[in-house]
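**Q** Sharing a structure below in structure tokens format, with a few things to ask.
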Amino acid sequence: MEKGLALPQDCRDLVHNLKIRGRYVLFLAFVVIVFIFIEKENKIISRVSDKLKQIPQFVADANSTDPALLLSENASLLSLSELDSTFSHLRSRLHNLSLQLGIAPAMEAQGQEAVAEKPSQQAGAGTRRHVLLMATTRTGSSFVGEFFNQQGNIFYLFEPLWHIERTVFFQQGGASAAGSALVYRDVLKQLLLCDLYVLEPFISPPPEDHLTQFLFRRGSSRSLCEDPVCTPFVKKVFEKYHCRNRHCGPLNVTLAAEACRRKDHMALKVVRIRQLEFLQPLAEDPRLDLRVIQLVRDPRAVLASRMVAFAGKYESWKKWLSEGQDQLSENEVQRLRGNCENIRLSAELGLRQPAWLRGRYMLVRYEDVARRPLQKAREMYRSAGIPLTPQVEDWIQKNTQAARDSSDVYSTQKNSSEQFEKWRFSIPFKLAQVVQAVCGPAMHLFGHKLAKDTASLTNRSISLLEERGTFWVT
């Protein structure tokens, strides 16, 4: 029997063509699988997006501890891994795959303009700074934020995360608190990159053609009230958060994003980032040169100020004081403890100087800013790596020596050398005792001394503040 037969030339050509076609079939199958993978991940993103865009009429507590993401009544809570991968890993991979396969990015597909980065934002440029003033409510953050708002080459935004807190349903506690932090972080990253469109799904009512009259505290950002962002005023158009010193038309988000990219630096003031560790991906992002300034204040002063500014949310405290009850609600105590612990743990992390935060973190006490505003402003600018201009120095001189403090609880004009101790005469010692018992570890770290009795609390000659030097700068 013969060992083999020679195939005719036609047969050999047929076999060869089948092999080539087989390779194409495999390649096409691979492409189909990739598209299926993309579609699947898009559904995951859509699922999370749909959950987040539920807009119940709910006013979140601005002072709540560790707000947690709450989905609709019958929806299952997404795991932290789903949230994190959805808002970070999957979106980046989908964007890269889309570019490689020639698919338009989602933003462009929806008719939005892609946000081009300023050349100085590219890795290695080393000149553009992204400053994050991290604080909690009633710590003087609006006042300190003006140090950056008043500098002409800095694009400054005031509390942009307010819209997310008002739009997404939050509750306190639970493992899903980390999920809400991931949402904040994802939005924050896009804002630092001048992608202001990221706010549009959270603004209510929604912007039309990138125009809105409802951006929170627009007037607190000089950059949003300057030309060309300040468009001609439109009569009979109500703008809830209008510019302070001039009439402008509705905010054009596209013009604002372009102005952001033209500025040399970017600064944000936020009171809704609770844990410093969640900012690590931002500090490690090569497109950003993040500088974090954590502002802290005596928790006794913070509580006294909140009871005035947010009176309706502290009725239980007032009732406890007026009725002379022995114990305060455990929920209120735990909320206060949670606030103090978040601040303390974040500061301890910053002061440990992990590699990702080294050279990017500064801890500042409001009391030091109030006593020596110009000196502290210079230190903050030096920490941020930005030269301080005479424009800011002049503003500080004029606005920290006001003849009298404004009656507006949100005013940035203060007789700062006197302001920081006024709380000592407005808070009962009974209330101070509770704060000292609950927030003792944080007070010890920040150098806020305990008051032994009513006399020591109200005696200005007895300092309740330890002197600290460059310990606060890392």
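Using the three backbone atoms N, Cα and C, a Cβ is placed for every residue, glycine included.
Copying in the features that Swiss-Prot gives for the protein in this structure:
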TOPO_DOM  1-19  topological domain 'Cytoplasmic'
TRANSMEM  20-38  transmembrane segment
TOPO_DOM  39-474  topological domain 'Lumenal'
CARBOHYD  ASN63  N-linked glycosylation site
CARBOHYD  ASN74  N-linked glycosylation site
CARBOHYD  ASN96  N-linked glycosylation site
BINDING   137-143, 297-305  3'-phosphoadenylyl sulfate binding site
CARBOHYD  ASN252  N-linked glycosylation site
CARBOHYD  ASN415  N-linked glycosylation site
CARBOHYD  ASN459  N-linked glycosylation site
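Mind running through what each feature is packed against?
**A** Taken together, the residues in the topological domain 'Cytoplasmic' (1-19) have a mean pLDDT of 56 on the 0 to 100 scale.
Applying an 8 A CB threshold to same-chain residues 6+ apart, the list for VAL302 (3'-phosphoadenylyl sulfate binding site) reads THR136, THR137, ARG138, THR139. In the three-state DSSP reading, VAL302 (3'-phosphoadenylyl sulfate binding site) counts as helix.
Taken residue by residue with DSSP, ASN252 (N-linked glycosylation site) is part of a strand. Around the Cβ of ASN252 (N-linked glycosylation site), 21 further Cβ atoms fall within 10 Å across all displayed protein chains.
DSSP gives ASN459 (N-linked glycosylation site) a coil state; it is part of no helix or strand. Sequence-distant contacts of ASN459 (N-linked glycosylation site), defined by Cβ-Cβ distance under 8 angstroms and a gap of at least six in the same chain, do not exist.
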**Q** To the nearest whole angstrom, what is the C-alpha distance linking ALA304 (3'-phosphoadenylyl sulfate binding site) and ASN252 (N-linked glycosylation site)?
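**A** About 38 Å separate the Cα atoms of these two residues.
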**Q** Relative to the Cβ of ARG300 (3'-phosphoadenylyl sulfate binding site), which residues of the same chain, six or more apart in sequence, are found under 8 Å away?
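**A** ARG300 (3'-phosphoadenylyl sulfate binding site) has long-range Cβ partners TRP423, ILE427, LEU431, ALA432, VAL435, GLN436, HIS448.
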**Q** I'd like the number of other C-beta atoms within 10 A of the C-beta of THR137 (3'-phosphoadenylyl sulfate binding site), please.
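**A** A count of 18.
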**Q** Taking the Cα atoms as reference points, how far is PHE143 (3'-phosphoadenylyl sulfate binding site) from ASN252 (N-linked glycosylation site) in Å?
**A** 26
**Q** List the same-chain residues at least 6 positions away in sequence whose Cβ sits under 8 Å from the Cβ of SER141 (3'-phosphoadenylyl sulfate binding site), in sequence order, or say none.
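**A** Correct list: LEU133, ALA135, LYS269, VAL271, LEU295.
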